[in-house]
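Undergrad: Pulled the feature table from TrEMBL, pasting it below:
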| type | residues | note |
| --- | --- | --- |
| DOMAIN | 48-168 | domain 'Autophagy-related protein 16' |
| COILED | 86-155 | coiled coil |
| REPEAT | 222-254 | repeat 'WD' |
| REPEAT | 306-348 | repeat 'WD' |
| REPEAT | 357-389 | repeat 'WD' |
């Protein structure tokens, strides 16, 4: 039995005992009341009223006792619930005390760990300070070593420059002696013909220039360069073909056999244009890495890396009169003249419009340049002075080619027109166009045959168009089938007049004959 039920039974017993006591008291007082009632009849009503009043008060006492009993039950229940809540709080206090004890122990452990960490940090700081002092000493020694190295390099470069100057003087003396030895009739005429300086008006021209033949079929298809080939060139009076492409190499081909003869490496950028000296000793490649690479043809070794341009070099040409001077153009609005013997720039020409193509005149004294604004400009190759200028095309000029005779310069433009100018008067002496001929890029190169009778130009439809200078109203021939509709970017005609080469955007080179 629960304590609540026990309390209820006890209350009921207490109520019964009070009721019995009331009955006993009433039975005990009843005779006295009857005895007294007789003599006091007169006072009966008064006593009766008092008795009723007492009974009423007794009933009120019973009711008050009942209320108190109920209140007692409620208070007992509240006491029990308070006792249970007190026990829960005591258990909670005990658990909190245990947690506090654990937290104190953990706090002491953390303090020990923090103390050890602080000691480790102090040790690391001291080691860092010592290492920093050692680093400062090493840096000071490095600066001293770099200064010594720079002084040594400067001294070495000075010695090299002195040696180069002496070697250049010896080479110049040798060339002068060789020229004096060769200054005789037939030998002099042959040398001038090889250099391309002989004019059509001079005697002996017809005897030394072979007649060019319009090719009709593709003799060889060469997969020359991965990523595209935009520059091709024949060596002077040779069937050796040079190609440059996006794979950063210059390849030398035997055009007759269609086989690779040599490969020139060393450029860090794509080859955008090629030039070769008149004696075929040096090959110059214009690179997208803002410089020019000069290779020795015999060994394939890089002789010079010509630096000075601040943007990609898009055009280069070598003079036909010596192996000394080279001219280049870049997208930094400059044209630079280089000395190959010394390996540095001797003149810088600044132009308001970027130059896409350039070429030396046959005498090596004038530089012809074609610009984005469509103008053809003539510069003094020695002083860099602008000699003359003419509006050649309505859009950008993409190609400049000086004829072997030196009297005509061919220009090609993005307006799909090929113009021939008299180099002395800068008057148009021929305009070539065709309905299907479209210039593909800003660096598409066209060419003139060795006997100056034909012009060849590639088109965006994968064809090569050939015009005769005697009949410019329509092409003399259209070569198709070698490039599979890939845009033709460059054409080159060899000096011997029988082979024509063309290169497309896929890196394929076709040799026509």
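For all residues, glycine too, the Cβ spot is worked out from N, Cα and C.
Annotations in TrEMBL come from automatic prediction, not curation.
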Undergrad: How do the residues of the repeat 'WD' (306-348) split into helix, strand and coil according to DSSP?
TA: 0 helix, 25 strand, 18 coil
Undergrad: Could you give the residue numbers and ranges of same-chain residues that sit at least 6 residues beyond the repeat 'WD' (306-348) on either side and whose C-beta is under 8 angstroms from one of its C-beta atoms?
TA: 164-165, 167-168, 171-172, 175, 195-197, 236, 269, 272-279, 281-282, 284-294, 354-360, 362-364, 367, 369, 379, 381-384, 400, 443
Undergrad: Tally the residues of the domain 'Autophagy-related protein 16' (48-168) by DSSP class, grouping H, G and I as helix, E and B as strand, and everything else as coil.
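TA: Breakdown, helix to coil: 121 helix, 0 strand, 0 coil.
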Undergrad: Counting by DSSP secondary structure, give me helix, strand and coil numbers for the repeat 'WD' (222-254).
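TA: Residue counts in helix, strand and coil order: 0 helix, 19 strand, 14 coil.
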Undergrad: Helix, strand, coil residue numbers for the repeat 'WD' (357-389) per DSSP?
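TA: Per DSSP, the residues of the repeat 'WD' (357-389) fall into 0 helix, 20 strand, 13 coil.
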Undergrad: On average, what pLDDT score does this prediction assign to the repeat 'WD' (357-389)?
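TA: Averaging the confidence scores along the repeat 'WD' (357-389) gives 93.
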